[in-house]
Amino acid sequence: MIVDTSAVVALVQGERPHATLVAAALAGAHSPVMSAPTVAECLIVLTARHGPVARTIFERLRSEIGLSVSSFTAEHAAATQRAFLRYGKGRHRAALNFGDCMTYATAQLGHQPLLAVGNDFPQTDHEFRGVVGYWPGVA
């Protein structure tokens, strides 16, 4: 399962009902993954809300949920561009931003479910059940 920044932020902030849904999805997830650039985005968002302690908050959560960090390759960069061309802001109602496009690309290349909060990813080709999006035809 590929984890988006929005899911981590919802969990850390205790956003209801999303935090509960994210926690349940992570509890049932096998090897949740976040790409390295998404980790950077997540740390920036958490730092804006919590200050320098954000890294400690993130690392504790990462340890608790068994979140691994994946590399981001040239293939990921090309898939990110394709995601933007198809679903990017100003191009599609999903209006994916830069970080969203990177998460989408990581999920696409790994053909993994996507854990995210918000109305953007459900506007893509993922079939969402709660906070988890699946590729069409995959449950």
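Including glycine, each Cβ sits where the backbone N, Cα and C put it.
Counting residues of the domain 'PINc' (1-127) by DSSP class, helix then strand then coil, yields 79 helix, 13 strand, 35 coil. Residues or ranges marked as domain 'PINc' in Swiss-Prot: 1-127.
Within its own chain, D4 (Mg(2+) binding site) has M34, T38, G99, D100, T103, L114, L115, A116, V117, F121 as residues 6 or more apart in sequence whose C-beta sits under 8 angstroms from its own. Annotation source Swiss-Prot lists Mg(2+) binding site at D4, D100.
When averaged over the domain 'PINc' (1-127), pLDDT in the model lands at 97. Within 10 Å of the C-beta atom of D100 (Mg(2+) binding site) sit 28 other C-beta atoms, taking all shown protein chains into account.
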